[in-house]
Number of protein chains: 2
Amino acid sequence: MSLPAEFALIARHFRPLAGAGALDLLDDAAVLDLPPGRRLVIAADAMVEGVHYLPDDPPETVGRKLLRVNLSDMAAMGAVPLGYLMTTAFSRGIADSWIAGFAQGLAEDQDAFGVTVLGGDTAVTPGPTCLSLTILGTVAPDAVLRRVGARAGDDIWVSGTIGDGLLGLRVLRGEVPADAEGHLARRYRLPQPRLALGQAIATVAHAGLDVSDGLVQDLGHLCRAAGCGAEIAAAEVPLSPAARALLARDAALLPALLTGGDDYELLFTAAPDAAAAVRDAAATAGIPVRRIGRMLAGPTEVVARDASGAVLDVARGGWSHF
Amino acid sequence: MSLPAEFALIARHFRPLAGAGALDLLDDAAVLDLPPGRRLVIAADAMVEGVHYLPDDPPETVGRKLLRVNLSDMAAMGAVPLGYLMTTAFSRGIADSWIAGFAQGLAEDQDAFGVTVLGGDTAVTPGPTCLSLTILGTVAPDAVLRRVGARAGDDIWVSGTIGDGLLGLRVLRGEVPADAEGHLARRYRLPQPRLALGQAIATVAHAGLDVSDGLVQDLGHLCRAAGCGAEIAAAEVPLSPAARALLARDAALLPALLTGGDDYELLFTAAPDAAAAVRDAAATAGIPVRRIGRMLAGPTEVVARDASGAVLDVARGGWSHF
């Protein structure tokens, strides 16, 4: 009996990615054991063609981004990733070479991040491709980084640089000029999950998350969870040289950088007297961090001030596909 | 700061479904502990509007089917379900009442099957709605039901009735007349995950899976995993009264019933001298089972014979959306 195309596709492209517990993707489910004494951490994120990635993005980076946005959720919890399940609804008539490139990207990042595929499902859709990934990780019981827990008076810290994802999207859409190095487009297509940093700060920070919806909006999540406010100094928010160059041409970009999505940096708060411990943790992880503001007693709102002390209009409050 | 529509949607429809470990869907991931001594079992299945369900299926049954096809994977492993994560890419402009109905269906089946939502993601797509669900369960280390392990000489057993899902789809498409009770359409829309049976037979059966691609094709999976063949007696395959009535009008339907998808019954093999134990397990679970054939030494092929002993043409070999 010949097998239908779906099974051949899984065998050709996805079975080589399977790891321990996946039962070679031949069973109805994966079976695995957690390392003793660790808690299970689990999250899921979806990506839709034309919404979360561009139809002409290379398939390798689409696969890598799908895995990385989920790994970023593990970073945000201080977790060590273990593996993932994936469901793919490929656009009907998609080229086999696209799926091969997508799987190749996954394979590269599996090696880079030490994870393997555990299971999933493959289907087709008459619409644009819909991808969904569920990431599993583990964490020590006393080292879970949560959104809740920020306190008035805490310093607010952020990793890496902010705004590159938004600008990368605008570059790829031809709305702003590209930087010569291609940094911005690369940042949109290949976020950097800050796993080592998340693990290093989990017991130092009071609260944290990854910036996926926009810095201001995600800081708002920390405020609502804590029942307090926040004030950030826009001039302290770390920007890449490419972002600085665009901002120098158009100062009105600043609120967009603070509210654009797709950063996948870690945003967290810690007591002021923990600043040295935060810097030590960041140095150990090899990931730059910057102190950008302070949590405040009072209403659960985020205020961003420019270098002159004026309040910036960031009321749009972040990115939503709805 | 006002929250965008995505957060309001999650708060309104999905947060009421959240259970222990979900952290109220407010964090980047769920955190949970497995019951001591149990292994984690995890699977994911996707459903696409117009492919896996009909655009005019009631949203309640779409939500319930999404959960149930995944619960069926837990049943196939002998696992006890624990909870689930879900990603939804809703068709842009979908009615809020549709999402409310979808969530209501999930709520009903959460109660019926003792699971809660642990996390996920909500997005929109310009195409048809794409739904993905990842189900978690646990199993005792010595009670995992696998696809591999069938032996030549084993009896082949199947639960419930076969072919109703295919016929239900044909009824809903207007291709065959509906039965007065609406049994067939209901079976297409609301599969019955055989959890109690899977748990009861896990240590009695040699191998098993759930029939989602078609009886013949899924039996082929057991054959390939075992390196042997199988012969089934079509007359022994259990059919519902509604399916029997349609078959009486059109005997040529029989191969379609044996290869149609969406049955979500359990198919398993056991040693002939375990037949009484199988019947006891089925009685305990309250789910009917029928012995339909035997595993054979020889090539990995499935032969289905009709009542006269003639070999039926089932070469199509099952359902694939590709």
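Positions of Cβ are set from backbone N, Cα and C atoms, glycine also.
Predicted automatically and left uncurated, TrEMBL annotations should be read as such.
Across the domain 'PurM-like N-terminal' (B:27-139), the model assigns an average pLDDT of 96. Look at TrEMBL and you will find B:27-139 tagged as domain 'PurM-like N-terminal'.
B:ASP28 (Mg(2+) 4 binding site) falls outside any helix or strand according to DSSP and counts as coil. Less than 8 angstroms from the CB of B:ASP28 (Mg(2+) 4 binding site) sits no same-chain residue that is six or more residues away. Residues or ranges marked as Mg(2+) 4 binding site by TrEMBL: B:ASP28, B:ASP73.
As annotated by TrEMBL, Mg(2+) 3 binding site applies to B:ASP28, B:ASP73, B:ASP210.
What TrEMBL records for B:ASP45, B:ASP121 is Mg(2+) 1 binding site. B:ASP45 (Mg(2+) 1 binding site) carries a strand DSSP state (E or B).
Just so you know, the Cβ of B:ASP45 (Mg(2+) 1 binding site) picks up 26 other Cβ atoms within 10 Å once every protein chain is counted. Look at TrEMBL and you will find B:ASP45, B:ASP73 tagged as Mg(2+) 2 binding site.
Sequence annotations record features per position, and here TrEMBL assigns substrate binding site to B:HIS52, B:ASP262, B:TRP319.
What TrEMBL lists as ATP binding site is B:GLY120, B:ASP121, B:ARG147, B:SER212. Taking Cβ-Cβ distances under 8 Å and a sequence gap of 6 or more within the same chain, the neighbours of B:SER212 (ATP binding site) are B:VAL69, B:SER72, B:ASP218, B:GLY261, B:ASP262, B:ASP263, B:TYR264.
What TrEMBL records for B:151-303 is domain 'PurM-like C-terminal'.
Secondary structure at B:ASP213 (Mg(2+) 5 binding site), taken from DSSP and collapsed to helix, strand or coil, is coil. What TrEMBL lists as Mg(2+) 5 binding site is B:ASP213.
Under the DSSP three-state reduction, B:ARG147 (ATP binding site) is assigned to coil, being neither helix nor strand. Ranking the binding-site residues B:ASP45, B:HIS52, B:ASP73 by Cα distance from B:GLY120 (ATP binding site) puts B:ASP45 first. Counting every protein chain shown, 26 other Cβ atoms lie within 10 Å of the Cβ of B:GLY120 (ATP binding site). According to its DSSP assignment, B:ASP262 (substrate binding site) is coil. Put simply, B:ARG147 is the one of the binding-site residues B:ASP45, B:HIS52, B:ASP121, B:ARG147 whose Cα lies nearest to the Cα of B:ASP210 (Mg(2+) 3 binding site). Here the CA atom of B:HIS52 (substrate binding site) lies 11 Å from the CA atom of B:ASP45 (Mg(2+) 1 binding site). Here the CA atom of B:HIS52 (substrate binding site) lies 12 Å from the CA atom of B:ASP213 (Mg(2+) 5 binding site). Under 8 Å, Cβ to Cβ, and six or more positions away along its own chain, B:ASP73 (Mg(2+) 4 binding site) finds B:ALA43, B:ASP45, B:ILE135, B:ASP210.
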